[in-house]
Amino acid sequence: MEEFLGPQAEYNEEEEERKYYRRKRLGVIKNVVAASVGAMIVYSVYMGLLQMQLILHYDMTYREVKYSNLGLEDIDRKMLMGINVTPIIGLLYTPVLIRFLGTKWMMFLASGIYALFVSTNYWERYYTLVPSAIAIGVAIVPLWASLGSYITRMAQQYYEYVNYKEEHVQEQKKLPKGVCHNYIIIFHSVFNIIFHLSFVFAEFPMRLVLHGYLRDDDTHILCNVKACGKDTLIPGFNTTVLTNLPRSMLLIQVESVLMGFAFLSMIIFLVLCGAAYRPTEEIDLRSIGWGNIFQLPFKHLRDYRLRLLCPFFIYSGFEVLFAITGFSLTYGVCILGLKNLWLLIVVYGLSCSVFSSLSLCILRLPRWLCLVSGAAVHFVLLVTLLAFSLQRKDNENYTWYLGPLLVITVLWGLGTALNKTGVSTLLGMLYAEEKERLDFVYTIYHWWQAIAIFIVYLWSNLPMRAKLSILLATLLVACYCYWVMERRLANDVRPRLPRIPRPRHKVKGYRYLEDDNSDESDSERSEEDEEKEEDEEHVVEEMGAEDREEGGQDRGAQGADSPRARRRGAEGNRGKWEDAGVKDGEREDHEGW
C-alpha cells in the first residue's frame, strides 16, 4: 500500500494538471461547436421542410389531385397559427423547464420536438400537422433560451479552466467583473457564424428537388401582380405554380433524409454537448423553490437594462422574419419570380454567417459599435425600400433588378449579423458574473422575440408601406433606449436585481418564502442584513468544510477531478488510516489496562 500510494519518481504533478485542464478547455470548445452545429441542423431541416410544404400546399392542382377535400389551406393557416401564437406564453414555463431538465437536456428535448414535426409530414392530416406545430411553438422559447445561456456558460467555464490556479476559481467565488467578456464575444460569434448557415442548407430541398417542378414562365405565376414594393398589399400570385406534380415516393425520400438529419441533431446534443453546470450546481439552481423560479423572470424586468433593451429584442424578431418573408416575397418573388427565391435566401444566409465575424471587433472597440452599426445599415435600407415602388407591365424583362436586390439582401444580412450577435453578446457581458440568472435573462430576450413573431403574424394583411414604417419606428425607439441604457451604465447607476434565494435542499411546501423573499432587490437590503447574511454564510462555510473533511468531498471548484486533487485525496486517506490504526492501538491498550 505504501508503494502504491507513495509519490512516483516519474510523476510530474504540475504537468499532469496542465494537461488535464487543457483537455477541459478543448471539451468546452467541442461543446460550443456541437451546440452550434446541432442548432444549425435543426433549423435547416425545419425551415427547408416548411418552405417546401407551403409551396406544395399553395398549388391548387396539388391540393385537388392528392388531397381533394381535405382542406390543406385551412390546415396550413392553423399550423402557422400554432407556430406563431403559442410562443407568447413561453415566459410562464421556460425557466421551470430549463431548471427541471437542465440546459443540455432542454436542447435535446426541443430538437426532438422538431424531429416530431418532420415525422408528421409522412401523413399530412389535421390531427398530425397542427399538434406538432403547436409543440414547436411551445419549444421555440425554451430552445433559444437554453442555447443562449449554454454558450455564455461555456465562456465562463473556459475562463475557469484557463485560470484554474486563481483563488476565486478554486473557492467557487463570484467571478471578477469583466474577466470572461472576451470569451463570451468569441463564443457567441462562433455560434452565429455556424447557425446562420441554416438559411443556406434550408434551400437545398427547394433547389435540388422542387426547383425543377416550378413553372419557368414568370408571367403565369405573376399574372395578377400589378405592383411591387412599398405599394403592395398582398402579392396576387397565381395558385398554380407547378408544371407537374412531384412523385409521392420522391417526397417520402426527401422527408426521410430530413428526418435523418433531425435525428443527427438530437444525437449531437445528446452525445457531444457536455453539461453546462456541475451536478451540485444544478441541484442548487433548482433548490431555490419552484415558486421562485416561476416568479423570477417577471421580477428581472425591474432591471432597467432589460427594460431598455426590450425594443431591440422586438426589432430583432421583426427584421429576420421581414427578410425571409416580407422582402423576399414582396420585392424578390414579385419582381424576379418564384424560381429566384432560393437565391435570395442563400445570399442572405451567407451574408449573415460571414458578417457575424465582424462582432469580434468588440474585442478592441466599444461594445455599442456592433449594435449601432447594424441599426445604421438597416435604417438606410428601410428608407430605400420605402422609396421604391414598381408597376409591373406585361412582356417586360425585369432580370436586371437581380443585382440591386442581391446587394440589398447582402446589406440586410450584414445588419442582421451585427444585430443578432450584438444583442446576445451584450446580454452575456451584462450578466457574465451572474451565472444563476442566465436562463432568466435569455428567456426574457427570446420571449420578446416571440412577441415580435406574433405581431408579424398579425400584420400579414397590412400594406408593405405600413410594415416598413413599423420597422423603422421600432428601430429608432430601440436605438434611443439603448443609448439611455449605456448612459446610465456610464453614470454607474446600479440596476435593481431581484435577490436569488439561497438553495434549500429540504424544502417542504412554501416555507422558503418566509425568510428568502425574492421580491427584495439587492439595492434595498440594509447593511445589517448584509452583515447577518455574511455571518450565516461564514457558519455555513465552516459546516461545509467539516462535512467535506468527513465525507471526502471536493475541495476546489474545478480541481476536484484533477491529478493534484486525486493525489491529495490519496495522501489524506492514508493519513486517516494511520490515525485510525493509532487510535485502535490506544483503545486496545486502555482496555487491557
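Every residue, even glycine, has its Cβ placed from backbone N, Cα and C.
Remember, TrEMBL labels are computer predictions, not curated facts.
These features come from TrEMBL:
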type	residues	note
COMPBIAS	515-549	compositional bias 'Acidic residues'
COMPBIAS	568-593	compositional bias 'Basic and acidic residues'
REGION	511-593	region 'Disordered'
TRANSMEM	28-49	transmembrane segment
TRANSMEM	79-98	transmembrane segment
TRANSMEM	105-123	transmembrane segment
TRANSMEM	129-151	transmembrane segment
TRANSMEM	183-202	transmembrane segment
TRANSMEM	257-277	transmembrane segment
TRANSMEM	308-329	transmembrane segment
TRANSMEM	341-361	transmembrane segment
TRANSMEM	368-388	transmembrane segment
TRANSMEM	400-419	transmembrane segment
TRANSMEM	440-460	transmembrane segment
TRANSMEM	466-485	transmembrane segment
Chain residues outside the transmembrane segment (79-98) and at least six past its termini with a C-beta under 8 angstroms from it: 106, 129-131, 133-134, 136-138, 140-142, 145-146, 149, 290, 293-294, 296-298, 439-440, 443-444, 446-447, 450-451, 453-454, 456-457
Top partner of the transmembrane segment (400-419) among 105-123, 129-151, 308-329, 341-361, 466-485 - counted as Cβ pairs under 8 Å: 341-361
Same-chain residues at least 6 beyond the ends of the transmembrane segment (368-388) whose Cβ lies under 8 Å from its Cβ atoms: 229-230, 312, 319, 327, 331, 358-359, 361-362, 408, 411-412, 414-419, 421-423, 425-426, 465, 468-469, 471-472, 475-476, 478-479, 482, 486
Selection from 28-49, 183-202, 341-361, 440-460, the stretch that has most Cβ pairs under 8 A to the transmembrane segment (308-329): 440-460
Any contact, the transmembrane segment (129-151) to the transmembrane segment (440-460), with at least 3 Cβ pairs under 8 A: yes
Beyond the flanks of the transmembrane segment (183-202) by 6 or more, those residues with Cβ under 8 Å of it: 32-33, 35-37, 39-48, 51, 147, 151-152, 154-156, 158-159, 324, 345-346, 348-350, 352-354, 356-357, 359-360, 362-363, 417, 420-421, 424-425, 428-429, 432
Beyond the flanks of the transmembrane segment (28-49) by at least 6 residues, Cβ under 8 Å: 107, 110-111, 114, 117-118, 121, 136, 143, 147, 150-151, 154, 157-158, 161, 187, 190-191, 193-195, 197-199, 201-206, 255, 258, 261-262, 264-265, 268-269, 272-274
Residues from the same chain, set at least six apart from the ends of the transmembrane segment (341-361), whose C-beta lies under 8 A from its own: 185-186, 188-189, 192-194, 196-200, 202-203, 206-207, 211, 323-324, 328, 332-333, 369-370, 405-406, 409-414, 416-418, 420-422, 425
